[in-house]
Amino acid sequence: MSKERLAWIPMGPGLWEGILKVGSPRIQKVSGRSRCTQAQASFALLMALGVANRVLNRIAVVPLKNYVFFLAQFQTFGYVVIYFAILFARTRTGAVTAEMLSVPKKRFVFIGFFEAASQLLALIAAAQLPGVLLPILGQSLIVWQFLWSAVLLGQRFGPEKVLGAGLVGVGASMAALASMGSSAGSSMSADPFYVALYTLAFSLPSLAIIFKEQIFADARKNLKGKELDLFVVNSFGSLMQALWVCLSLPILTSLRNIRLADLPQYLLDGGKCFLGSTPSCGSDCTGAPLLPILYVVTNLAFNIVALYVLRSFGGVLTVLGAAGIIPLTVFAFTFNLPLLGSSGTLGPTFLFGTALLVLGMLSYNARDLLPVVSKWLQQAKPAQQ
């Protein structure tokens, strides 16, 4: 028989209840085996949604290729509504206090700008790149965060983090160079400009992460050791992101070769294309509305499940999931996918670069991973007896 132990778990059995009640936990008696089963199920769901999110992200921009700006703003303003709805519910349950809501909002202005610019640049570049390359280039976030933390915050890193960031950078570069070396017209060919643009896009959310870390650190002092609720940061960050989009419409529209006077018609046509109708320009919107809606729903579900796993089982399981999603996503893109086809043969250079990248992620988080994995193995032995 496995020993029972006391564990902190969110109130309520459902995922949504867990999200609304996170931060107001109660102690319940949970068997080690039951806890392990919950972790395994959550990990499997995280992996499945993570792969689906990456694949659907690339597929969704095919029918909306001419309306990427519309898709970006649909997500931006849609998430403001969703995050504030969850924040309101969590405030009603007492998980979010008045003190949490009164945190200074100045840094959220910068967070909103970085995330708005990143989202738009990433969607523009993603529409021009092979899907199999996207999860690889996305991990440049680790390298950017490493560089920004060292330059702006003066942080010093242990050898495992230096090695990890280096492996991620080398692995992503090898995979990108392998794609850029493919023959023109090949499903694996990649334009160097859009590779650079997609990589640059991830330098901005890494800056946003630094600002978020500062918000959490300051709130910890002002809240007398309590942790600031994540949905406070998500909600106000999304709101500022939406405001930045509104303020920068002249610049954003010019980048997409859209006159400001034509923006209402563009958004109307984008909405028609999103819903599967043919817009006035006659753009081919085959695959809408099913594929874009699937992507938006999956993206939201993935973010929620990732938060649930982070809060319920810790960051280690989340990191392992993120590392596992990469090779699975690369493998998924080798299949004949709707509107994309197959990526064809990936080649040894691309696969070796992917392997280096995954090793780099694990090395970067080794200091946190090793003690917890060792503890899991020790706990698993009595459960098997």
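One is the number of the first residue shown, and numbering goes on along the chain from there.
Backbone N, Cα and C define each Cβ position, glycine as well.
In TrEMBL this protein carries:
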type	residues	note
TRANSMEM	43-61	transmembrane segment
TRANSMEM	67-88	transmembrane segment
TRANSMEM	108-126	transmembrane segment
TRANSMEM	132-153	transmembrane segment
TRANSMEM	162-181	transmembrane segment
TRANSMEM	193-211	transmembrane segment
TRANSMEM	231-252	transmembrane segment
TRANSMEM	293-310	transmembrane segment
TRANSMEM	317-340	transmembrane segment
TRANSMEM	346-366	transmembrane segment
Can you tell me which parts of the same chain pack against the transmembrane segment (231-252), counting only residues 6+ beyond its ends and a CB-CB cutoff under 8 A?
69, 73, 76-77, 79-80, 83-84, 86-87, 90, 96, 100-101, 103, 105, 108-109, 111-113, 115-117, 119-120, 208, 212, 215-216, 260, 263
Is the transmembrane segment (132-153) packed against any residues at least 6 beyond its ends, judged by a Cβ distance under 8 Å, and which are they?
54, 57-58, 126, 161, 164-165, 168-169, 171-172, 175-176, 179, 188, 190, 195, 198-199, 202-203, 205-207, 209-210, 325-326, 329-330, 333-334, 343, 346, 350, 353-354, 357, 360-361, 364
Stretch in 43-61, 108-126, 162-181, 317-340, 346-366 most in contact with the transmembrane segment (293-310), if contact is a CB pair under 8 A:
43-61
Same-chain residues near the transmembrane segment (162-181), Cβ under 8 Å, at least 6 residues beyond its ends:
129-130, 132-133, 136-137, 139-140, 142-143, 146, 188-192, 195, 199, 346-347, 349-350, 352-366
Spell out yes or no: are there three or more C-beta pairs under 8 angstroms between the transmembrane segment (43-61) and the transmembrane segment (317-340), with each pair 6 or more apart in sequence?
yes
